[in-house]
């Protein structure tokens, strides 16, 4: 059965949101001398991916003289079934027993439950938390960090505000007044934790030297990192692929087969590209062929947590909620796809684009129970109507 919602042709871009520019002149001047002193790194987040990121970084800070040996990792404090605090166990065993059991992080990783203390004196901040928590984290950090700090976001998601969508890197830059790059890619954390080869993409705005510093911090023989000058493109790839992964999970749960799944992935990539370029004219076509693009989409649709939980959702006929399945299957980890699908749907509805992105719209409507999981290929009421946008339909 051929998917009924594939868009024919494309749509012209309406007025677009422009990417956040470099911060004030003072911050730009700080960039010039950034590489002239020993950099101290703090990882803000300690889940599955945050712990793996800390492991990668810690192996390099010990090896490279341009970095301070110690890596601070902010941990949202939890009490384990044993009655012990998670931070105490991490520091005594060098292992995140809840989110990355069996993997040593590096003896130079220090878990800290105090956010303000964790970032104190750091001039390189790595943000890797569920995206829905970032606004609150940024509020707590306002006035607590120095102006010469550089940041990078490994977070896949966006905030939707009255004035429109806000990427997490932009949220960090605007609220904290610091430059923020992004790192995305085909990165299933548990595979990187056991040092299986993978790749990632750093997206930067203007300063190539800063990007190369981040590449240096993350790169290992089994983790190949490259840089591209396209923050919005890299970040949107990492964000939107989780929505497509839900669709792939629905297909798996309904046992529709590999042909259907491949079609869903192709259509999803097409919608990712169109949505990204409608939002930001600066997004480059070539970004979708980096690790952050097609490679991340493939691995997430084959093995990510969003696919896994969506498969279970479809097998249960949509009768068990994503919240229930998340709690049962992920041991405290958070899904990003369901909330991202909702946020994308809000943007589409506000801008009148729902009929231009039938896959994205259908995924959200399945998630909230408005449509059954089988609608991922059967729903045919919504035909793309490109006359809703003025101008030529030759787009993407």
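For all residues, glycine too, the Cβ spot is worked out from N, Cα and C.
According to TrEMBL, the features are:
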type	residues	note
ACT_SITE	241	active site, proton acceptor
BINDING	45, 46, 47, 48, 49, 50, 133, 189, 305, 334, 336	NAD(+) binding site
BINDING	156, 305, 306	substrate binding site
COMPBIAS	1-10	compositional bias 'Low complexity'
COMPBIAS	18-29	compositional bias 'Low complexity'
DOMAIN	40-207	domain 'Glycerol-3-phosphate dehydrogenase NAD-dependent N-terminal'
DOMAIN	230-378	domain 'Glycerol-3-phosphate dehydrogenase NAD-dependent C-terminal'
REGION	1-29	region 'Disordered'
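Separating the Cα atoms of residue 47 (NAD(+) binding site) and residue 156 (substrate binding site) is a whole-number distance of 14 Å. Distance noted between the C-alpha atoms of residue 305 (NAD(+) binding site) and residue 156 (substrate binding site) is 13 Å. Long-range neighbours of residue 241 (active site, proton acceptor) (same chain, six or more residues apart, CB within less than 8 Å of its CB): 156, 268, 272, 296, 297, 300, 301. Whole-number maximum of the Cα to Cα distances across the NAD(+)-binding residues 45, 46, 47, 48, 49, 50, 133, 189, 305, 334, 336: 20 angstrom. A sphere of 10 angstroms centred on the C-beta of residue 49 (NAD(+) binding site) encloses 23 other C-beta atoms. A mean pLDDT of 95 is what the model gives for the domain 'Glycerol-3-phosphate dehydrogenase NAD-dependent N-terminal' (40-207).
Cα-Cα distance from residue 133 (NAD(+) binding site) to residue 306 (substrate binding site): 18 Å (rounded to the nearest whole number). Residue 306 (substrate binding site) and residue 336 (NAD(+) binding site) are 7 Å apart (CA-CA, integer value). Listed in sequence order, the residues of the same chain lying 6 or more apart from residue 306 (substrate binding site) and placing their CB within less than 8 Å of its CB are 242, 245, 246, 249, 300, 335, 336, 337, 338.
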